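Remarks on the structure that follows.
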Amino acid sequence: MSFLQNFNAHSLKSTRGFKLKQSSPISSPQPIGNSVDSSYPQEYSQYQTINTNLKLNNDDTNTMSGTAGVSTHKDIRNYAEQTLGSDNALIQAVKLPRDEDLNEWLAIHVVDFYNQINMLYGAITEFCSPATCPRMIATEEYEYLWQETPMDQHRGDSNAPPSSPRRPVSLPACEYIENLMNWVQGFFDNDNIFPSKIGAPFPQQFPSLVKTIFKRLFRIYAHIYCHHFHEISELGLQSHLNTSLKHYVLFANEFQLISRKDYGPLEDLVDTMLRR
């Protein structure tokens, strides 16, 4: 199967016209929690095991005590480490170039990583269906629930009335990912948020939005690693996946865009990537 056979049309729409200063080397974004603007759809990360004693903490994360019924964190790390090497070039590539605007740097990379994730997931979409993946999970420990507000349907309409968030729902992984990619694409298509004109100002809340996007896009990596790494390996794409994730976490770490707890089942693997 060709790597691009199932390439999703999302990334074709998201190649924005961001430009760097000539001195900028081109390389391929801490969650904001309750500070997120009410117009953003919310998602909740649910820690789940066999035990049914639920505890809700202050970060909208449902936790249960118990042991995982499928792959362990160590298994994931050991499996992926087979093609994971040291790459100082990536470490240098994520650093903000001198005289480069931080928001521009974040915007360039969030679009680029969106496209990378879209291509990687596009390669295994035929293996990710409501039948094979009826929930958006990463091992049995983590389920990601989808929630959006009616206001999201009126994005960009300043006259839209305020509304209450809808109830978070469990979705098949493919539907969750489709919703997430469309949600991100909506921001890319809004020139007031991701300006295509050089020198145009970014909104004040832009860094916070990038953090939210980065936290949520990481969940696609987590689902692929935990439930589709075999298919990725069969397609010969494990090196591509590992390099993409390593680049992602190096960039997120450089600009403190994702908190440690949001790495979930990939925490050990992320730690390994950051040490190398």
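The backbone N, Cα and C atoms fix where each Cβ goes, glycine too.
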Matching range for TrEMBL feature annotation, region 'Disordered', among 18-39, 150-171: 18-39
Which of His223, His228, all binding-site residues, has a Cβ with the fewest other Cβ atoms inside 10 Å: His228
Additional residues around Zn(2+), ordered along the sequence, whose Cβ is within 8 Å of the centroid of Cys128, Cys133, His223, His228: Ile124, Phe127, Thr132, Ala173, Cys174, Ile224, His227
